[in-house]
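Among the features that TrEMBL reports, thiamine diphosphate binding site is placed at H78, G151, A152, N179, Y284, E365. Annotation comment: TrEMBL describes D150, N179 as Mg(2+) binding site. Taken from TrEMBL, the feature domain 'Transketolase-like pyrimidine-binding' applies to 314-482.
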Amino acid sequence: MLAFNGRFSEDRTLIERIRKMNYDDLYNFAEEIRKYMIDVTSVNGGHLASNLGTVELTLALYRIFDPYEDYIIWDTGHQTYTHKLLTGRWDAFKTLRTFGGISGFTNIFESPVDRFGAGHVGTSIAAALGIEKALKLQNKNANVVVIIGDGALTSGQALEALNQIKSQNSRIKIILNSNGMSISKNVGGLSQLLEALRTSKIYVSIKEKLKKGLNEAVEFELKKIKEALKVALIGDDFFESLGVKHFGPIDGHDLKSLEEALKQVKDYPYPTVLSVFTIKGKGYHYSEQNPTKYHGVDKFDPDSGTFEKPEGAYSYSEVFGTTLMKIALEDDKVVALTAAMPDGTGLSKFAKQFPERFVDLGITEQSVVTYAGGLAAMGFKPVVAIYSTFLQRAYDQIIHDIALQDLDVVFAIDRAGLVGTDGPTHHGVFDIAYLKPIPNIKVLTPLDGKDLACMLWTVLKGKDKYKGPIAIRYPRDVEFGKLDEIYGKIEIRSPFKWEVLVEGKEVALLAVGVLAKKYTDMAKTNGWTLIGVRSVKPMDKDMLERTFQSHKYIFTIEEGTVLGGFGETIAFEYLQKYSDKYECQVEIIGIQDEFIPHGTREELIRYMGLDSDNVEQRIKKTVSKGVRL
């Protein structure tokens with residue numbers, strides 16, 4: 001993986017400075033940090049709302065704990081901008097998420113205080129328990145602190161680890177950052193309990209208002225909060241039932257209260273949870289009003305809050321969401337599912353139009369897949385919309401609960417391939433390799449937005465040959481034109497047939513998915529055949545044999561790992577079935593055995609040699625050497 005511009009060494013300058021500040025100066029510094037975050041993310045993009053909400057929390061934390069001596073683990077890592085700024089990366093923060101710049105998440109290769117890398121949700125408590133165990137074995141004494149959000153705490157891995165704290169004789173300190181959100185609004189019973197903890201802080205003030213004779217609506221709200229307090233504060237506490245002492249909840253923007261609570265937690269000799277409530281997006285009007293919209297941002301105008309979007313552009317996520325709504329209007333068996341990502345996957349409008357046929361189970365990828373299996377077993381048509389990188393978390397469920405039973409589940413795999421500035425934790429480069437070996441599953445890769453719409457229409461409205469699990473993978477990318485024009489051209493057609501985009505001789509390019517059309521001009525200029533591969537599994541074996549028969553050089557190109565990928569399948573197919581019939585050389589172009597850094601999608605495609613110029617040079621170099629048998 002591309003190295004950063006030097007690992008950041010220990011730098012206590014800002015931490016020592018904030019420890020000498022009075023509260024007025026600290027609050028002013030917090031606003032300076034927020035302004036810096038807004039300025040940088042408006043240019044580079046990033047996770048804005050989450051970081052705006054954790055400024056005071058991080059300042060207070062680093063006045064009480066020492067990130068260089070203690071082990072502070074940030075769950076997911078997306079809310080660590082203040083952490084980075086305080087630990088020697090103030091100037092480097094301008095390079096946030098740029099190619100060769102600092103990561104948007106914690107990264108152990110970037111700084112010694114990024115104790116554990118992250119990007120996916122729910123890993124922090126388990127990692128912290130492992131670190132704490134290692135410290136015990138080394139006879140070292142240090143505090144181990146976890147910062148985890150209420151949305152992240154609802155994930156299965158976090159709950160599994162939480163359940164082990166008592167058995168591990170741990171003294172772990174957990175800070176529960178409760179803002180009622182993951183990316184979108186939290187869902188589920190546990191999130192409701194955590195929301196009760198969050199709102200209980202205002203109990204006293206509402207009670208005082210009632211004494212002054214406020215209306216029945218407020219009385220009703222008080223009754224609800226009283227019920228929540230019975231659960232949260234009178235013995236029947238979720239955390240304490242697991243052997244973890246629960247402190248709070250307190251205001252996560254009140255520095256004095258935070259410090260007092262953190263001191264108490266630091267000195268407590270047993271495992272603790274400190275609940276703090278924060279405002280996601282705090283300090284920036286637009287993100288406070290719509291924290292979901294400003295959770296992860298691209299370039300925007302900080303003065304107006306408007307995002308820069310190329311005129312006439314629409315995303316593949318929009319194509320998916322719009323198409324699924326049109327299909328659902330005609331077919332009441334279609335049900336859309338997601339794991340806390342209705343906005344990112346393009347399902348927000350579907351959720352509003354078909355609330356009874358929309359399911360968001362929160363950050364529970366494993367459960368979402370099995371839930372879809374249950375729907376399919378009852379004759380419904382579940383469509384699981386999920387990012388490629390997050391589907392990895394449900395691999396056993398794909399095999400055991402879906403494929404083994406040959407259930408009719410459609411996986412709409414967003415963010416397949418190189419996703420850009422979120423970096424290695426979010427690239428969707430493994431899905432072909434991990435899905436292809438699974439029996440019964442079909443793996444489709446549309447060539448463009450229209451192809452995606454046609455595929456969805458075909459597999460959901462088609463006949464029996466489209467039964468069983470089907471994965472449709474598409475990138476985080478945009479096309480230009482009018483989205484509505486796609487739907488005047490929808491046709492039911494086989495998604496398993498490849499398409500010859502350019503007729504040529506001697507050299508054939510088998511390009512997977514949306515990459516294919518990037519090479520059209522290059523193929524025409526050189527007189528090479530270009531084939532758009534829209535089905536990785538099953539392969540179009542008729543076209544494949546014709547290609548072997550009429551070409552000397554076969555180049556497979558994919559935006560995924562070459563180990564276990566599409567190209568490996570083609571090479572194996574040639575050696576097993578065609579090498580004694582046709583004289584060809586098969587060469588695989590794709591992502592090698594490495595993790596890919598962050599950068600724009602275009603930068604990363606060039607970096608991996610998948611752009612048209614690099615592919616052309618590689619092909620010409622190979623052809624100049626002649627066929628090697």
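The backbone N, Cα and C atoms fix where each Cβ goes, glycine too.
What TrEMBL says about a protein is an automatic prediction, not a curated fact.
In this structure, the C-alpha atom of D150 (Mg(2+) binding site) lies 22 angstrom from that of Y284 (thiamine diphosphate binding site). A simple Cβ count within 10 Å picks out one of the binding-site residues H78, D150, E365 as the most packed, and that one is E365. Predicted-model confidence for the domain 'Transketolase-like pyrimidine-binding' (314-482) is 95, expressed as mean pLDDT. According to DSSP, E365 (thiamine diphosphate binding site) is assigned to a helical segment. Pairwise Cα distances among H78, G151, A152, N179, Y284, E365, which the record gives as the binders of thiamine diphosphate, peak at 32 Å. Neighbours of G151 (thiamine diphosphate binding site), defined as other CB atoms within 10 A of its CB across all chains, total 31.
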